Amino acid sequence: DALGTGNAQKQQDINHLLDKIYEPTKYPDLKEIAENFNPLGDTSIYNDHGAAVETLMKELNDHRLLEQRHWYSLFNTRQRKEALMLFAVLNQCKEWYCFRSNAAYFRERMNEGEFVYALYVSVIHSKLGDGIVLPPLYQITPHMFTNSEVIDKAYSAKMTQKQGTFNVSFTGTKKNREQRVAYFGEDIGMNIHHVTWHMDFPFWWEDSYGYHLDRKGELFFWVHHQLTARFDFERLSNWLDPVDELHWDRIIREGFAPLTSYKYGGEFPVRPDNIHFEDVDGVAHVHDLEITESRIHEAIDHGYITDSDGHTIDIRQPKGIELLGDIIESSKYSSNVQYYGSLHNTAHVMLGRQGDPHGKFNLPPGVMEHFETATRDPSFFRLHKYMDNIFKKHTDSFPPYTHDNLEFSGMVVNGVAIDGELITFFDEFQYSLINAVDSGENIEDVEINARVHRLNHKEFTYKITMSNNNDGERLATFRIFLCPIEDNNGITLTLDEARWFCIELDKFFQKVPKGPETIERSSKDSSVTVPDMPSFQSLKEQADNAVNGGHDLDLSAYERSCGIPDRMLLPKSKPEGMEFNLYVAVTDGDKDTEGHNGGHDYGGTHAQCGVHGEAYPDNRPLGYPLERRIPDERVIDGVSNIKHVVVKIVHHLEHHD
């Protein structure tokens, strides 16, 4: 930062801004700024000379902004517009003083949900946010992640001044088969991955905000494809068939009772079982979505889309899936939003509103209208299976890979082994609910925690033995997938049937010296996953200690919270164990990374979340080499640089260290 503001100070400021978000700030320095700072006082502190802040101040002074203590949804057009006005202001700040002052000022004046969203995306996308770790959202807005019963207990603990730790149970009862896999969709780490991915790659993003989000449309496909495939793996582990796709003209079989409440706005609406889709006032008619879908199918059949100027763009080429992802999600990158609509975003709102489609009961938005809560609803995965099948139709239109396409000449994978057993178990995790309850003037905060059960696994290491028969060292890309062998009825799947259900476990780049070599890779280094984020309490302590001690703070290991949680890398499996195929494909790293600058140690979570502000580090299609049809699996088995072995995953009901 030009003013030399260190990471420790920035981290402390962000911590203070997000503390007790529904109450006036308790920090004297922020209070003083909020009362005395004039956002329009000196417009030289903004890159746009104050244009963005002028717009927001006009809305504020004309009393047009959403009031505080009201629900907020990103899918609500007006509310999103307001949050993005604040994002635009923070994004135009030249220095931290400007960022912090505006944040402190608008925190006291704007809707809390809009403020939190704008602050999070600003820290993620602004250069000023580098080095800051955003606290886990489940501690900032706990209502979105914790059921009402536990929140009520937290309130009574606060009132009676008794410390407490309360168990969060998964939604539903044993009468509901879907409850068997609730631990996946309701996992707070998985919720954070989903909401953060959509903050890293927002559908509202325009390049005028500062840079281009590389392969955003393709990543939209791949991240949701992987979430759906992982959900199907968990279903397989619980004796359930893969999730069915959604149909606009058939009933929605599974209802959903979220049993969670907004901080302000009442309970999340319930959707009963077996209802037909209804038109939603002010959103869309069911028929509109059917038309949108048929236009997308038509584009895939023709092999081209039509842009808003009437020109055709070929999609039977490597960038085709990117263009398709942009029009299906409908991000601002869509080539023709007028014609292709906004299938994904509209469908989220349609599903969210089925409990009150005509606004008769004035219910707040449903869980599907928030990325934080969407994966809790079984219909989320049905919706994404439906979209996934549209993408599959596109990828199936490409010719299968040939031996020459797949071969990495001179590179032989001789064997793949796992060092250690593949064991999964459930463990317990606690998070603080202090931000869920209001502070009274004379009531001290007491320690109140929620305790959740989370899927975890023992760490393991891949051992890949290989021979590099080329005349020197070669850069290689290692692509590791886990694939089902049988379906839920015990019928063996062909590779062509299984490939679409495979989950990505890792993708990394490594130099392989000439001759025989053994590559070892720990499961915790996976580029698909992220470690547990530090708690809000820990972030506050670390930042305060650093600021008070006058030293800096390096939290770079936690800067990205986009990624599958480390502990959920493996599917749960069954107590008696399940066998899966582990595929390792080693491809030519020089070709894969051609045109990318810098080293090849892309730590973090580049596989599904890219590299922040840079081009995606791998030129191959996401999912390569399993993303295209495989009519003859001998082609895959016939290349020396791809190997698969059978591995067994066992679920331990008791957790043994």
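Glycine is no exception: its Cβ is also placed from the backbone N, Cα and C atoms.
Proximity of HIS194 (Cu cation A binding site) to non-local residues of its own chain (separation of 6 or more, Cβ distance below 8 Å) is seen for LEU227, PHE371, GLU372, ALA374, THR375, given in sequence order. Feature annotation from Swiss-Prot assigns Cu cation A binding site to HIS194, HIS198, HIS224; the stated evidence is experimental evidence.
Cβ contacts within 10 Å of HIS344 (Cu cation B binding site), excluding its own Cβ and spanning all protein chains shown: 20. Sequence annotations record features per position, and here Swiss-Prot assigns Cu cation B binding site to HIS344, HIS348, HIS384.
Listed in sequence order, the residues of the same chain lying 6 or more apart from CYS98 (disulfide bond) and placing their CB within less than 8 Å of its CB are ILE45, TYR46. The disulfide bond annotation in Swiss-Prot covers CYS93-CYS98 (among others), and the record cites experimental evidence as its basis.
When Cβ atoms from all protein chains are considered, those within 10 Å of CYS502 (disulfide bond) total 21, not counting its own. Residues annotated as disulfide bond in Swiss-Prot: CYS483-CYS502 (among others).
According to Swiss-Prot, the disulfide bond annotation covers CYS562-CYS609 (among others), on the basis of experimental evidence. A helical conformation is recorded for CYS609 (disulfide bond) in the three-state DSSP classification. For CYS609 (disulfide bond), the number of other Cβ atoms no farther than 10 Å from its own Cβ, over all displayed protein chains, is 24.
Taking Cβ-Cβ distances under 8 Å and a sequence separation of 6 or more, the neighbours of ASN167 (N-linked glycosylation site) in its chain are VAL150, ALA450, ARG451, VAL452. A strand conformation is recorded for ASN167 (N-linked glycosylation site) in the three-state DSSP classification. Sequence annotations record features per position, and here Swiss-Prot assigns N-linked glycosylation site to ASN167.
If you look up Swiss-Prot, you'll see 594-616 marked as region 'Disordered'.
Candidate binding-site residues: HIS198, HIS224, HIS348, HIS384. Fewest other C-beta atoms within 10 angstroms, HIS198. When the recorded positions HIS198, HIS348, HIS384, CYS562, CYS609 are compared by Cα distance to CYS502 (disulfide bond), the shortest distance belongs to HIS384. When the recorded positions CYS93, HIS348, HIS384, CYS483, CYS562 are ranked by how far their Cα is from the Cα of HIS198 (Cu cation A binding site), CYS562 comes first. A distance of 22 Å separates the Cα atom of CYS609 (disulfide bond) from that of HIS348 (Cu cation B binding site). Using a 10 Å Cα-Cα cut-off from HIS384 (Cu cation B binding site), the recorded positions that qualify among CYS93, HIS224, CYS562 are HIS224. In this structure, the C-alpha atom of CYS483 (disulfide bond) lies 29 angstrom from that of HIS348 (Cu cation B binding site).
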